[in-house]
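As C-alpha cells, the structure follows; a few thoughts come after it.
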Amino acid sequence: MDFLFLLLERKNKHMGKKRVVLLWLSIFISFSSAEITEESPLSIGQTLSSSNGVYELGFFSFNNSQNQYVGISFKGIIPRVVVWVANREKPVTDSAANLVISSNGSLQLFNGKHGVVWSSGKALASNGSRVELLDSGNLVVIEKVSGRTLWESFEHLGDTLLPHSTIMYNVHTGEKRGLTSWKSYTDPSPGDFVVLITPQVPSQGFLMRGSTPYFRSGPWAKTKFTGLPQMDESYTSPFSLTQDVNGSGYYSYFDRDNKRSRIRLTPDGSMKALRYNGMDWDTTYEGPANSCDIYGVCGPFGFCVISVPPKCKCFKGFIPKSIEEWKTGNWTSGCVRRSELHCQGNSTGKDANVFHTVPNIKPPDFYEYADSVDAEECQQNCLNNCSCLAFAYIPGIGCLMWSKDLMDTVQFAAGGELLSIRLARSELDVNKRKKTIIAITVSLTLFVILGFTAFGFWRRRVEQNALISEDAWRNDLQTQDVPGLEYFEMNTIQTATNNFSLSNKLGHGGFGSVYKGKLQDGREIAVKRLSSSSEQGKQEFMNEIVLISKLQHRNLVRVLGCCVEGTEKLLIYEFMKNKSLDTFVFDSKKRLEIDWPKRFDIIQGIARGLLYLHRDSRLRIIHRDLKVSNILLDEKMNPKISDFGLARMFHGTEYQDKTRRVVGTLGYMSPEYAWAGVFSEKSDIYSFGVLLLEIISGEKISRFSYGEEGKTLLAYAWECWCGARGVNLLDQALGDSCHPYEVGRCVQIGLLCVQYQPADRPNTLELLSMLTTTSDLPLPKQPTFVVHTRDGKSPSNDSMITVNEMTESVIHGR
C-alpha cells in the first residue's frame, strides 16, 4: 500500500487533485474497522479509526522496507505522521502478521507463524474485551461488560505527546513516564534522548541525553515554566502540572483550538510543538533553541546571555575559573568568587553580606523551596542562613533558595525572573563606583579634545599618506622572495577591464569583486579587486601574493602579478574560462554539463591539489577556506584551487597551529577550528568532505534542508549511508551517468572527512588513495550536524565568520 501511495504521488506531482486521489485510493486499499475483538483482529492493509476521523491505527513501513510496525498516525495526512508505535523495537516481517486481543484482555502482535513480537501484558479480563481508538488518539483495551479500561497507550508513551496525554512521576513508587526519542527518523526504536519531569517542589522538566542533562525547563510556576520566556502573562497555556495526594505529578497538554497538534521529541534531541494548518505542520515552539539552552554551558556561577551570538558571563563578584579555557570558547569550568564571604548573619560592618539582583533570569538548577510570605521575608531568611548563596521570589511559586553552585543559568532579552546573589560588601563599594564614573567622565572629555585636534592633522595628511602607502606596499613586496611577479599600473588594469565595468564582472566574494580583463598583448586575465570594506588587510594580501607565486601545480590557480595604488589593492590571476565550480554544481541548467565521470575527475583533481599543498610542495600550506566557489575551472574543466588569502604556512615538523582570529566560511569550517581556533591538515580535510558531498548532491551546505525536520546536508548524507542508500544523495541531474558503487564510496569518503574528531579523519595521502583505489574503507562515525537558523533562513552565499579575540567568543558574519 505504501508503494502505491508513493507511485501515485509521483505521477500526480503537479496535479491539484493529488490529495483527493490518494484519499480515494486509500478507501479501496485499506479496510477500516471500529474496534478489534477476539473474532476480528487487525491485519496488514486494515486500519482502526477513531470516531472523529482524526487518528488511525494500522501497519506501516519506512521506504518500502519489509519491516512493518503497528502504530497510530494522523488519518488522511500525507506524508504519514506517526505518533505512537507498539512494536518500536521489534518490527514484523511476515505478510500474515496481525494484531489480536486475547481472551484475558492482552493485546498481542503476531509475526505470522513466528510467534508474538509485542504484547500489552497480562490484563486479566474475565468477561472478554475489545480494542478501541479513542478520539484523543489513545488506544485502549476495554473489558466488554464492566467497561473498565485494562490498558491504554497513553500510559506507554513513545516520542510524541498528544493533547490529553501526560508525562508523570510517582514519589512513592518511583514510577516515571516520559517521552523517548526514536533512534533515527526511520527507526522508531528507543534513541538517545528522554524527556521527564522531576518530583521536586516545584517540578521542572528535563531533556536527558542518556543519563546526562541536555536541556532544562526551569521550575513550574502555575501556568508556565520559568525557563521558557515565551510563556509570559499574555500566553494562554495549553499545559498544566498537577499533584495528587498519592505523591504523583502529572504534566498534561491540551490544545482546544486544533485537533491535529502534537509535541515531538526528535531523534536529534529537539522538542517541537507542531500544529497542522491544513497543508503542512507549523512549528510553534522548538527547543533547545540556541547554545544557551544546552545544560550548564557556562558552568557554575556563569550565565549565558541570549544575544547574537550567545555568550557566557560571570555574575558580578565572580571571575572565570580558567581564563585560557574561556578564550577558546570553552566556558564549562564556570566562574569562582572573587571575594570570600564572611557570614555574620545580620551584621552591618565591613564584613556584612549584600545582595546583587540580576533581571530576566532563568532560575538556576539545584533550588530549594522555602516558606516565605513575600520577597522581603525570603531575602531575610536567606541572609540568616550562611549556606544560602542566592534567592528568588517568583510569582506562582514563592521563595526559592540556592545553597549549591548556581548551574545552568540564562539571561533572556525579556521575561525571566529576578535572581539575588549574595556578595561581600566590597563588591558593591559605592565610593569605588563614584571614582569609576569620575575617571570615565575625565577620559571622555580628553578623548573628545584629542579627537578634534587629530581630525585637523588627519585632513592635511590624508593625500600624503595615500602616496606613501603605495611605496610601502611595493617595498614590502620587494623584500619577499617572489621572482617573476609582475607589477601592473592602475591605468593598465582599468583599460583591460573597461574601467571595472559590470559587463566584465565575473563574481563577488567576501573580500571583493573579480573582473575579466584583456591586456594589450592579448592575454586574458582575472582581476581580484579588494573592496575598501574588505576584511582582507595587508597581511592577507601579502600572504596570497607570496604563497601563490611560490606554488606551481596543475590544480592550483597561478597569480601573474599585483597592483597597489592609493587605497586600491588588486591581484591579477590567469583567466579561467569556465569560472568557478559553484556556477555549474548549483545551477539548474549548467549542472547538466558536468556528468558523474567529469565530477569524479574534478574531485580527484582537487584532492591532488590539496596533497601538493599539504605534503608535496616545498612549503606546507593549510588553505583554511576550501569551498566550491574557490575551485576554478579552466577551458578543459580541470579544477584549480584558488583564494589563498587565509592560508597558513607550516615549517619543519609543525602539524597544527592555533589562532585567536578565526576566519572562514560557514558550513565548511571544522568544529575544532570554528570554536577553538585550532587548524591543521585535518581542517582542510573537513572542508573537502563538505565540498565532496556538495558535488555529489548538487546541494549547497548553507541552503539544504530535507524533510519535515529540516535535516542538514551532513545529516541527510549520514541517514542515506546508514540505510545503504548513498545513491539517494546523488544529484538527479546526473541520471544514469554514474556508477552506484562509485557514488556510494564517495559518500562514505565524504562522511569520513567530516567526522568530529580530527584524528578520525584521513590525511590527504590516505584521502587520495581512497579516491583512486578500491581498497576497503573504514566505517565513519556520526558527524556533528550543523543546525539551521531558527527563522528558517539560510545564511548568505559563502558567509564568512570571524571569532574575535575576547573572553567571550563572538561570531560575526560578513
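Each residue, glycine too, has its Cβ placed from N, Cα and C.
Taking DSSP states H, G and I as helix and E and B as strand, the domain 'Bulb-type lectin' (35-154) has 5 helix, 51 strand, 64 coil. What Swiss-Prot lists as domain 'Bulb-type lectin' is 35-154.
Per Swiss-Prot, the feature domain 'PAN' maps to 343-425; the stated evidence is sequence analysis.
Per-residue confidence over the domain 'Protein kinase' (500-785) averages 85 (mean pLDDT, predicted model). Residues or ranges marked as domain 'Protein kinase' by Swiss-Prot: 500-785.
The feature phosphoserine is assigned by Swiss-Prot to SER534 (among others), with similarity to another entry given as support.
Residues annotated as phosphoserine in Swiss-Prot, with similarity to another entry given as evidence: SER549 (among others). In three-state terms derived from DSSP, SER549 (phosphoserine) belongs to a helical segment.
When other Cβ atoms within 10 Å of the Cβ of SER629 (phosphoserine) are tallied across all protein chains shown, the result is 23. The annotation phosphoserine is assigned in Swiss-Prot to SER629 (among others).
The feature phosphoserine is assigned by Swiss-Prot to SER642 (among others). The Cβ neighbour count for SER642 (phosphoserine), using a 10 Å radius over every protein chain in view, is 26.
Per Swiss-Prot, the feature phosphothreonine maps to THR659.
SER702 (phosphoserine) carries neither a helix nor a strand DSSP state and counts as coil. Marked as phosphoserine by Swiss-Prot on the basis of similarity to another entry: SER702 (among others).
What Swiss-Prot lists as phosphoserine is SER796 (among others).
Positions annotated as topological domain 'Extracellular' by Swiss-Prot, on the basis of sequence analysis: 35-436.
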Pull the DSSP breakdown for the domain 'PAN' (343-425) and write it out as helix, strand, coil residue counts.
11 helix, 35 strand, 37 coil
SER629 (phosphoserine) versus SER549 (phosphoserine) - Cα distance in angstrom:
21
Pop the Cα-Cα gap between SER629 (phosphoserine) and SER702 (phosphoserine) into the table, whole Å please.
13
Hey, how far is SER629 (phosphoserine) from SER642 (phosphoserine), Cα to Cα, in Å?
9
What is the Cβ neighbour count of SER702 (phosphoserine) at a 10 Å cut-off, with all protein chains included?
21
Using a 10 Å radius around its CB, how many other CB atoms surround SER549 (phosphoserine)?
20
